[in-house]
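Asks: Straight from TrEMBL, here's the annotation block:
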- B:46-67: transmembrane segment (TRANSMEM)
- B:74-94: transmembrane segment (TRANSMEM)
- B:100-119: transmembrane segment (TRANSMEM)
- B:131-150: transmembrane segment (TRANSMEM)
- B:184-203: transmembrane segment (TRANSMEM)
- B:272-296: transmembrane segment (TRANSMEM)
- B:316-334: transmembrane segment (TRANSMEM)
Amino acid sequence: MKKGVMSLLSLALSVSMLAGCGSKPEEGATGGAGGEAPKASFTVGMVTDAGTIDDKSFNQGTYEGIERANKDFGTGLKYQKPAGTTEAEYTKEIGNLYDAGYKFIVTPGFKFETAIFKAQEKYKDAKFVLIDGAPNSGEPDAKPVVADNTVSIFFAEQESGFLAGVATALQLKEGEAGFIGGIQIPPVQKFNWGFQQGLNYANENLDTKVEIKKDNVVYQGTFDNVAAGGQLASQMYSNGVKVIFAAAGGVGVGAIQEAVTRAKGGDEVWIVGVDVDQYNDGVYGDKSVVLTSAVKKIDQAAYDMIKAETEGKFPGGQTLTLDAKSDGVGLPAENPNLSEEVLKQVDEVLEKIKSGEITVSAEQGDLLP
Amino acid sequence: MNMIKSLAAVLLGLAAGALLMALTGHNPAEGYKFLFEGGLKNPERIGNTLATATPLILTGLSVAFAFRTGLFNIGAAGQMLFGGFCATAVGHLVDLPRAVLLLLMVLVGFLGGALWALIPGILKARYNVHEVVSTIMMNWIAYWTVFYAIPSYFKGGSETESRQLPANALFHENWLSELFQGSYVNLGFFIAIISVLITGFLINRTTLGYELKAVGFNRHAAEYAGIAVKRSIVMSMFISGGIAGLAGVAQYAGNASSIQIGILPTQGFDGIAVALLGANAPLGVLVSAIFFGLLYSGRGFMNAMTEIPPEIADSIIAIIIYFAATSILIDRLYRKYKSRRAANKKQGG
């Protein structure tokens with residue numbers, strides 16, 4: 001009995017530990033920049049959201065932006081990984097960065113809203129960049145309070161989803177599409193609704209026929225359940241879906257893996273990636289299942305804020321929304337799976353969004369949930 | 001002996017951690033200096049260490065209690081989550097003077113966790129379903145129940161979090177935060193201390209505790225001695241789950257003020273390591289949980305002050321836990337060594 005318990009125990013522990021250290025340590029926090037890069041008067045720290053620094057999404061995007069800024073301006077960089085996702089744990093890591101002299105702090109994700117709300121008051125001589133959220137007290141109907149030492153950044157995800165939808169419809173001409181979301185939160189919903197509007201627009205104006213059925217719009221409920229992502233994708237593909245837009249972090253990774261397996265077996269299946277260019281995640285042989293990605297230029301946002309600070313132009317107190325016009329959202333620079341023709345048409349659509357001829361709604365309206 | 005074993009496990013873990021730091025090109029002495037400073041440097045950091053330790057004390061106690069009665073409660077995470085959820089519901093829905101409300105939340109949190117462990121307890125007692133399997137399943141039932149219930153009934157500012165509890169229903173005390181200079185340590189810590197004392201008394205000084213332990217040692221012997229074995233199993237799961245439920249109260253109404261959906265609290269699983277390192281004794285659990293709290297709390301400071309990346313810091317903690325969890329190995333090695341020496345002596349003499 002005892003032996004059985006112990007072996008079960010070690011199994012359980014190793015499982016929980018595997019979960020804890022699944023990521024490989026990144027070549028990261030290496031302090032100041034090497035070479036002749038100029039030395040900025042401040043150092044930049046980052047606190048990661050749930051998930052690892054190489055999550056192919058928020059954390060990674062933010063980190064890459066800071067890394068680039070470090071190369072250009074010598075701002076240094078350091079990231080802290082909180083033990084959990086409560087406000088107290090975020091606050092603790094912000095405090096650690098501050099105590100260690102990192103007074104320009106970038107935090108990705110809406111979960112930091114309440115932590116930044118308190119930190120911007122507590123550390124008045126520090127600067128904060130909150131991506132995808134606005135600081136607030138967390139009480140019901142609380143008004144966002146962006147202090148003078150904080151910038152809050154949002155993205156027009158719907159425009160990015162719209163472009164991906166148009167590109168998908170144009171490239172595939174006809175067939176069924178699906179959507180897998182993580183948790184049903186506004187940024188994910190806006191991707192979904194934008195994507196549907198994109199498909200509809202192409203079907204109505206550009207002579208395509210790519211439909212999306214209600215059953216094939218699914219929110220998995222987490223951002224990290226890779227296995228569930230694979231299952232959902234498998235179901236959809238079996239039901240005749242040709243392309244899945246996966247806006248779901250780790251769940252999307254599972255969907256990509258499923259697509260790769262099927263593509264290797266000769267099926268024609270596609271994934272539309274999210275947040276960053278996910279082309280490389282879907283590579284098999286010399287091809288990739290990732291048709292294109294609905295990109296949010298998180299790295300650019302982080303970079304721009306640091307750059308502004310080096311020039312003494314930090315837009316403290318402001319709430320910025322980055323959209324297609326400001327080049328904050330869009331498709332990746334390279335799209336090997338889209339034809340020249342398609343790219344040209346997508347560019348025309350992009351211009352129309354920029355000029356305001358097409359407006360993409362951030363609301364559900366009569367779209368699928 | 002138990003204490004030596006645990007200390008050896010900690011020292012081995014720290015040594016292995018030092019080795020890892022050295023191998024990755026970092027200075028172990030400096031790393032550990034900042035690790036401990038990060039948890040102890042000033043009153044605020046000490047308070048944060050205690051607050052971090054609070055849920056760990058309770059989940060560790062929960063697991064240790066079940067162990068002592070021969071049960072392996074791997075469902076502390078789910079019990080904690082559900083207990084915390086019940087207490088949160090009470091905090092939102094009931095309007096009473098603060099002292100009464102907090103006591104009610106503690107009681108309901110205990111019952112919520114207890115209920116979650118009661119089901120595996122009954123399954124074990126009546127149908128001999130192994131509690132490891134059923135408690136893990138209950139973890140996921142709690143996860144999805146909360147996942148559904150929070151957005152439906154207690155939706156907060158964001159989609160993935162409950163509304164914040166009103167100040168009246170929180171275990172925060174201004175004098176405590178002031179004493180620890182702005183730390184988030186709260187009354188939950190006292191719940192943990194009281195639970196340690198009560199559990200210690202229950203296990204070591206009462207007939208009930210004696211019976212529960214007897215069932216743990218040898219079920220058949222206990223039955224033969226006239227102890228109601230099935231009742232004992234159900235009872236010990238009930239108490240174990242209740243203690244885990246208290247961890248939920250301390251976490252969600254003390255350390256935090258809302259529940260996030262989509263996350264099983266990690267403290268549930270860490271509780272197993274805490275219990276093992278504490279040799280399943282209530283006081284041992286208290287000490288080992290504070291040690292874990294120190295590691296978790298100081299880790300961030302080590303990371304900020306040195307070039308040791310957070311993943312390495314995580315691995316170091318994992319290694320220490322690993323050695324703690326395998327402290328049974330140390331026991332075995334020690335016994336082997338002793339018996340060999342005894343054998344040598346015999347041969348020599």
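Using N, Cα and C of the backbone, Cβ positions are placed for all residues, glycine too.
On a predicted model such as this, the values are computed, not experimentally measured, just so you know.
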Asks: Under an 8 Å Cβ to Cβ limit, what residues of the same chain, 6 or more beyond the ends of the transmembrane segment (B:74-94), are close to it?
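Replies: Result: 55, 58-59, 62-63, 101, 104-106, 108-117, 120, 131-132, 134-136, 138-143, 145-146, 149-150, 153-154, 162-163, 165-166, 169-170, 240-242, 244-249, 251-253, 258-259, 264-269, 271-272.
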Asks: Against which stretches of its own chain does the transmembrane segment (B:316-334) lie, if we need a Cβ under 8 Å and a gap of at least six residues from its ends?
Replies: 5-6, 8-10, 12-14, 16-17, 20-21, 31, 270, 272-273, 276-277, 279, 288, 292, 295-296, 299
Asks: Report, as numbers and ranges, every residue of the chain located at least six residues beyond the transmembrane segment (B:46-67) whose Cβ falls under 8 Å of a Cβ in that stretch; write 'none' if there are none.
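Replies: Non-local partners: 39-40, 73, 76-77, 79-80, 113, 176-177, 179-181, 183-186, 188-189, 191-193, 195-196, 199, 203, 216, 236-237, 239-244, 246-248, 250-251, 254-255, 265, 267-268, 270-272, 274-275, 278, 280-282, 284-286, 288-290, 292-294, 296-298.
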Asks: Cβ under 8 Å, sequence separation of at least 6 from the ends of the transmembrane segment (B:272-296): give me the contacting residues as numbers and ranges.
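Replies: Beyond its ends, the transmembrane segment (B:272-296) has Cβ neighbours at 2-3, 5-6, 9-10, 35-36, 39-40, 49-54, 56-57, 59-61, 63-64, 67-68, 74, 76, 192-193, 196-197, 199-200, 203, 317, 320-321, 324-325, 327.
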